[in-house]
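Presented below is the structure to which this report refers.
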């Protein structure tokens, strides 16, 4: 069935998904914070700031008015950076239709509270609306989806009916959506993989090889799984699209912003220099801090995350961090 969908956030991923949904025949309004971006997308059918070179579907509408975006919608897709979710969705509450399903595609952990995105929603939404929350995540570079390259992701919701409805709304012949009931696991996979991707980028920037990257991906997956289990997630989720799938993509793909940040750090640039030149958000930078503090709070051993925190926030050298990881006390593999 055709949905009336409000897409909140016009970065590369929000714009791509809005375009996909419009092409599928849904009635879609894309909300952007920047009035000038709304005007450009209306006039030129292109988001030159975040998704240059992609012609947007003629059915797609644009606004920077939250009330207009939400009017009469049956589904909401929120794709703002994770550190902005609380503010944007709190501002949205007066306009949010009570019957609308909410789909979260933000990947991160709130720095100030250590809350996952679904925990933020749980705090601000009425209980009945939180019951129809879903998380959409998986290995999906926006540009590849915009170019209709085959992609598979996961929609997680505690309600099977909600997961099915999201699955049906988003699935096309090039974008396949699988269902899952493990919202916590799907969210954590999407958040923690960004930190490991920065680590993989640092390894590449230092000139290390495929062995090193494979070790980081594998042990990063173990850390992600440990944290997830401590928070009530299912271990099997991390072997799926939202865990291993997204981790491999983000640690190896040339379109990965987080890996790019890491490569530049490995080559000797400072984090402040790198972030000062970026238009788009590299979620892994903030998530490094929140994941480090969350692991300490829960008593979960996450040595890669710990070394990443010391590199990004305490000026530890990358080579020193690598040496510490390689000379830790010897252990059985396991998780």
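Just so you know, the numbers here start at 1 and follow the chain as drawn.
Every residue gets a Cβ built from N, Cα and C, even glycine.
Note that the coordinates shown come from a computational prediction; the quantities given were computed from them, not determined experimentally.
Swiss-Prot names 12, 13, 107, 142, 281, 283 for binding NADPH. Of 42, 165, 257, the residue it gives for the same site is 257. Record check: Swiss-Prot places 107, 138, 140, 246, 256, 257, 258 at the sn-glycerol 3-phosphate site, and the matching candidate among 193, 316, 331 is 193. In this entry, 107, 138, 140, 193, 246, 256, 257, 258 make up the residues listed for sn-glycerol 3-phosphate, with the farthest two CA atoms of the set 16 Å from each other. Checked against residue 13 (NADPH binding site), the recorded positions 138, 140, 193, 256, 258 differ in C-alpha distance, with 140 being the nearest.
Around residue 12 (NADPH binding site), the same-chain residues at least 6 positions away in sequence with a Cβ under 8 Å from its Cβ are 47, 50, 51, 142, 143, 280. The secondary structure of residue 140 (sn-glycerol 3-phosphate binding site), as reduced to three states from DSSP, is coil rather than helix or strand. The CA atom of residue 281 (NADPH binding site) is located 17 Å away from the CA atom of residue 246 (sn-glycerol 3-phosphate binding site).
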